[in-house]
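Chemist: Encoded as structure tokens, here's the structure I'll be asking about.
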Amino acid sequence: MAGIKVDMEHVIVESQEMEKEEEVKPQKTKRVASLDIFRGLTVALMVLVDDAGGEWPMIGHAPWNGCNLADFVMPFFLFIVGMAIALALKRIPEKLVAIRKVILRTLKLLFWGLLLQGGYFHDLDKLKYGVDMNRIRLCGILQRIALAYLIVAIIEITTRQAQSKELPMGWFSIFKLYSWQWVIGAWVLVVYLATLYGTYVPDWNFVVQNPDSVDFGKTLTVTCNVRGNLDPPCNAVGYIDRQILGINHMYPRPAWKRSKSCTKNSPYEGPFKDDAPSWCWAPFEPEGILSSISAILSTVLGVHFGHVLIHMKDHSSRLLHWIGMGIALLVLGIILHFTDAIPLNKQLYTFSYVCVTSGAAALVFSAFYILVDILNLKYIFLPLEWIGMNAMLVYVMAAAGIFAGFINGWYYEDPHNTLIYWIKKHIFIGVWHSTRVGTLLYVIFAEILFWAIVAGLLHRLGIYWKL
């Protein structure tokens, strides 16, 4: 779930910020309400799967291969960031000005990513803060978004002369208009696949840092000596991160710890099997270097959908293109997965995962576009729109747990005797006599709906948290 948190911020801030950029000209551009609502939905999903996923593992991250609800959050954010790039940068005519803004925003994302996901804030329920710089986590969702944003935005800036051209007739004309972006996207895919399947992974070892393990402090060895393996211990994604980042700077609680190979109660968290392989105790970076290179493709696809919105002027043409491409991506990804060609895997960010999640993003956005921008049913989704317009605030306060950590810091006699614990225990869990149901309802009403109302009030006051 930390992956998601991490993840979320970049997209959150990026897309919402970029859409709000003012034109150099005095007039303002109308916001795309469906994109705000889609962003709000994604933030809400992140809060839901992050805070309720422990009790409902079917909505949490898949332990390895597969795609649960939580696994759609990061690519949805990247897709939204891509659309926002296309819509925002067209309003900044000076290339050097646009590049300066992109670089500054990238640096801000990296800063917030290290602060929120580097390990300084941890175990907020236990009031633990601070991080050993020798073990700070270097990668994260915001850092991944920063990389994708920087690369795709620079490409957009340097190739945007296409925006001044009229779109020729034909379904593929918009692809031709931005052909260089697709060439670069293809190059990214080739580099990723060649590295993933061509890198030799030798044996490796690590020191167990988990005090709950009987092997705490011991050095364990993982046997690999393979090439092109996509299993948890011996893939090129993990190997590259161990070599470049260092194993001490990787995520210590990867989702694979809930896999059938490791834990007795998979997919729930719990004690490991007595015969669990040594790699179950090892760290793994779900937002690592190679997987983040592949993640650029999600943003490239989002930019394309933004181009469609810019160049195609009627609803039917836009929807025909979006829905057709979304279905094609979904079908391709599903075929790759179920033929065992390329499995769906969020932690490796495989090509089939890119296709399925981007196809889903395309269809979800298209549905919101129909309901909101065509049928004018925006009022139904006002809470999501408010969240989407102040997504950074909701991410930091709710998803990253900063607000809950602050409130929990004020307790009476015992650290568990706080307002949040009391509300959760007596109003939700106690009433329903179920920890699972109570936790789910608490997240929906006391977190998501609460912050939607706060964001709505801030919207009325014209207050937004911008990067």
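Note that the numbers count up from 1, one per residue, in the order the chain is shown.
Here the Cβ of each residue, glycine as well, is placed from N, Cα and C on the backbone.
Pulled these features from TrEMBL for this protein:
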TRANSMEM  32-49  transmembrane segment
TRANSMEM  69-90  transmembrane segment
TRANSMEM  102-121  transmembrane segment
TRANSMEM  141-159  transmembrane segment
TRANSMEM  180-200  transmembrane segment
TRANSMEM  289-310  transmembrane segment
TRANSMEM  319-339  transmembrane segment
TRANSMEM  351-372  transmembrane segment
TRANSMEM  393-412  transmembrane segment
TRANSMEM  440-458  transmembrane segment
Chemist: Between the transmembrane segment (393-412) and the stretches 32-49, 69-90, 319-339, 440-458, work out which stretch tops the count of Cβ pairs under 8 Å.
Modeler: 440-458
Chemist: Are there 3 or more C-beta pairs under 8 Å linking the transmembrane segment (180-200) with the transmembrane segment (32-49), counting only pairs at least 6 apart in sequence?
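Modeler: As far as Cβ distances go (cut-off 8 Å, pairs 6 or more apart), the transmembrane segment (32-49) and the transmembrane segment (180-200) do not touch.
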Chemist: Using a Cβ distance cut-off of under 8 Å, indicate which of 319-339, 351-372, 440-458 has the most pairs with the transmembrane segment (180-200).
Modeler: 351-372
Chemist: Using Cβ atoms only, state whether the transmembrane segment (351-372) and the transmembrane segment (440-458) have three or more pairs under 8 Å that are 6 or more apart in sequence.
Modeler: no
